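A.B. asks: Under the heading transmembrane segment, TrEMBL lists 39-65, 77-96, 108-127, 133-152, 164-184, 199-217, 271-291, 321-338, 374-393, 405-429, 435-460, 525-547 (among others). Residues or ranges marked as domain 'Major facilitator superfamily (MFS) profile' by TrEMBL: 43-552.
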Amino acid sequence: MAGETMSKEAVVEMEDHVDIPPISAQLSDLPPGYFRSSLFLGSMAAVGIGLLAAISSFALAAPILGVINEDIGPSSNISWVAIVYTLMIAVGLTIVGRFTDIFGRRHTFIGGAVLGVVGSIVCATAPTVGALIAGMTLVGLAASTQVSYFYVTAELIPQKYRFLGNAIMYVFMIPGGAFAPAIANSCILHTPGGWRSTFYIVIAIQAAALFCWVAFYRPPTFEMKHRDKTRREYLLKFDYIGTALFAGGLLCFLLGLSWGGAVHPWKSAHVLATIIVGGVSLIVFALWELFARLEEPLVPMTLLASGPWTAAVVTSGIGASLYYALTIVWPSMVAIVYPSGDLITDGLRASIVGACWVSGEIVSGIVAKPVGGIKLQCIVTLTLAGVLLGCMATSDPDSSTRATVLLSFSCFLAGYVEGLSLTITTLALKDQQQMGAGCGFGGSIRFTITTVATTIYTVVLSARLSATIPDQVPPALVSAGLPASSVAAFIGNLASGQSLADIPGVTTSIIDAGIRAYRSANADAYRTVFLSTIAFTGIGIITTLFLPNTDALMTDEVSTTLHHKKDEKLARAAAHV
């Protein structure tokens, strides 16, 4: 007993004379040079490079999945490469956020970086599409930590600089987010590894992020967060039932949406069963979180009672949905309606969506605080983005320049409002120590909104193409002189990129007429997609009206402080006495 008493007294004396860094602090209370220290700069580098790794993993592969499938396939499961990536992020964001709020972020984020390296290696060496899907599953799990950048950055800097902090993170996105199609096409054309070279690039980025996480990132540990509690206590109180309901429900729901019309028909049992089961599971999850009287719920339902926070989450989801829709529509428009005949040129043109989007996010973070009136900025920019996207419906095969200009400005403005609203989700949280749970859950909602929107856009496009192509292309071909018996073969070869010269009865003039009609039919289908974006921007404009006044929230408070390894040992010693 005497020994135990002495050890406690020693710890008390130790805590009186040695400063254990607080979890949060005011800007004026931080030591001089804190924001120039290797801890802070290295941690910011870890977050930024990790974000680049997450974006590049998907953005470099997505435009060339057809090429990949030709090499290691062909497989009807190639669409799963994209599906598993988004599913892992959508589910992982909430779980990672809540888990790291309780147990500390360092080891989970290091583990995510390790998964990123391993998954990228699996993808780079994949001999089959199945192996590629397995690798992308690991990469998606890793990305659920890496796309948490916005709240990890937010909690490390004063609240009044959060917009600027996220703008810096968006700079890291430029190579992967802005120029991915051009880089991917260049790898195919100019490197010995071909498409695998894209994953070699990602491996290097993932490794750099892993190094920075290990070397520099030291946020509060479990002992610093809960000095009078043990891990066992929190593990026993963790919401395992809620986690299972949430993960299973969201996976099934999003999987059903992703399957519909792509992998299975919408009326199939696969699609209907997964959507219904997933939806019911999510409803049960919400009821469980509300009425189970949990000490440590996976998602504090009080979050949804906050109108300003919910408005910010929905606004960011609407903004992101515009981006994902355009990444589907515009590259195919470039390839079909506005082809130049040069793969690199088309790749650069397809990169306009990402380049303008990232530019908007960066500019919004830089000017948000100096300009002020951030809520009004969101209202104006989203309204203008919606108008310009609606104007894209006037595009036809002869309006290449107009379409490019309209798209560029609409992407910039949509990126602008998405950058602002995403940061607002961190400011609108009433409890800044629930950053992971709140922003992680908000991120899952955001991904769900984008999945729903993307599904709607895809269904609209598919339905319109099934009408416009049969209505316009066969009559044009027959009028140009092609035998009716050759029409189906002509359209099939044109859609798949095969030679048209071997079609019975074809001539140069018939080919020109057929291509022209095919482009016009596609342009008409895309027109409907752009008109459908008006519904989403309309919802987004309504939600911006309920955004909070952020001027009062931009204080000097730093929600999470970094510390040195010696401080971890001190906190651990104090906790175990």
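Here the Cβ of each residue, glycine as well, is placed from N, Cα and C on the backbone.
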A.B. asks: Test the contact criterion for the transmembrane segment (39-65) and the transmembrane segment (271-291): 3 or more CB pairs under 8 Å, pairs 6 or more apart in sequence, then answer yes or no.
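C.D. replies: Since fewer than 3 Cβ pairs under 8 Å link them, the transmembrane segment (39-65) and the transmembrane segment (271-291) do not come into contact.
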A.B. asks: Take a look at 77-96, 133-152, 271-291, 435-460 and tell me which one has the most Cβ pairs under 8 Å to the transmembrane segment (321-338).
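C.D. replies: Checked against 77-96, 133-152, 271-291, 435-460; highest Cβ contact count belongs to 435-460.
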A.B. asks: Give residue numbers and ranges for long-range contacts of the transmembrane segment (108-127): same chain, 6 or more residues beyond its ends, CB-CB under 8 A.
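C.D. replies: Residues 46, 50, 53-54, 57, 61, 72, 96, 99-100, 134-146, 152, 196, 199-200, 202-203, 206-207, 209-210, 213-214, 217.
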A.B. asks: What same-chain residues lie close to the transmembrane segment (405-429): Cβ under 8 Å, and 6 or more beyond its ends?
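C.D. replies: Sequence-remote neighbours of the transmembrane segment (405-429) are 150-151, 154-155, 159, 162-163, 166-167, 170, 303, 306, 308-309, 312-313, 315-316, 319-320, 322-323, 326, 330, 352-353, 356-365, 368, 374, 377-378, 381-382, 384-385, 388-389, 391-392, 395, 435, 438-439, 442, 446, 540, 544, 547-548, 550, 553-554.
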A.B. asks: Is the count of Cβ pairs under 8 Å between the transmembrane segment (133-152) and the transmembrane segment (271-291), pairs 6 or more apart in sequence, 3 or more?
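C.D. replies: By the criterion, they do not touch.
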A.B. asks: Residues of the same chain, at least six outside the transmembrane segment (525-547), with any C-beta under 8 angstroms of its C-beta?
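C.D. replies: For the transmembrane segment (525-547), the nonlocal Cβ contacts are 307-308, 310-312, 314-315, 318-319, 321-322, 325, 329, 333, 337, 374-375, 378-379, 382-383, 385-386, 389-390, 392-395, 417, 421, 424, 453, 456-457, 460-461, 464-465, 467-469.
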